[in-house]
Amino acid sequence: MTMHPLQRVASPSRGLSALIHMLGMVSFMTSFSYLHLFPRELHLGFGGAFKFLTIIGLGLALVTFAVALLADLILSPSLFRIKNVLSVCSAPLAVLISTLYWGICAINKNLVVPPDMAIPVLPDVGFHAMPAIMLTLDLMFLSPPWTVKGYGAMTISTTIAFLYWGWVELCFSKNGWYPYPIFDILNTWQRVLLFTFSALLMTGSTMALKWVYGKINSIEKFKKDALRPLKDE
């Protein structure tokens, strides 16, 4: 298939692209296996481990890379396009999760991780950093530029944020406890502010990823070069 002029590395491809997507899948599947090897009480009950936004983001990252790897192996343009659509949701969500998690941990880790649920450094990085790293790597070097605009990014982010809030409240109604300690501290209006802020932060993540992509792949130069023949005429 014809590669977009701004795409740095050939993808779909059975070479470097497939290797990167395979490594990402190994990382994500290792994190999921950790949940089964070391089950915690908070992973039980209604919703299972998917009560946690981290696990939802990890699952979406896994699906995105699974589609990408399949596209690499069978050289499918259709699956490649599906991967790029999924990436518009999964990459900003992964960046949001990393930003919120490590930012809140810097203030007080007990707000997101109960003291009796602390996990070692490597699994922690696997859950809360690797999805953002691998999806960003895929976007910057293995993908065409995103076409989503600010309004579209805000719509996607707001939908995801408040769907998750509804999911958290449903799980609370069944289990009687929240997955993250911070939810026990906040009242309803404070939660509204938290999820609104998260939607704005995810929108900012989308636009920031687009901006970094443009800088790395010289999108402004590409636009000027594309307009030059028109000016010459």
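The first residue you see is number 1, and the count goes up from there.
Yeah, the Cβs are placed from backbone N, Cα and C, and that goes for glycine too.
Annotated features in TrEMBL:
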TRANSMEM  16-37  transmembrane segment
TRANSMEM  49-73  transmembrane segment
TRANSMEM  85-105  transmembrane segment
TRANSMEM  125-143  transmembrane segment
TRANSMEM  150-168  transmembrane segment
TRANSMEM  188-213  transmembrane segment
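Ranking 49-73, 85-105, 125-143, 150-168 by CB pairs under 8 A with the transmembrane segment (16-37) puts 49-73 at the top. Among residues of the same chain six or more beyond the transmembrane segment (85-105), those with a C-beta under 8 A of the stretch's C-beta atoms are 53-54, 56-57, 60-61, 63-64, 67, 111-113, 128-129, 131-132, 135-136, 138-139, 143, 146, 148, 153, 156-157, 160, 182, 198, 201-203, 205-206, 208-209.
Under 8 Å from some Cβ of the transmembrane segment (188-213) lie the Cβ atoms of residues 6, 88, 91-93, 95-96, 99-100, 136, 139-140, 145-146, 148, 150, 153-154, 156-158, 160-162, 164-165, 182, 219, all in the same chain and six or more residues away from its ends.
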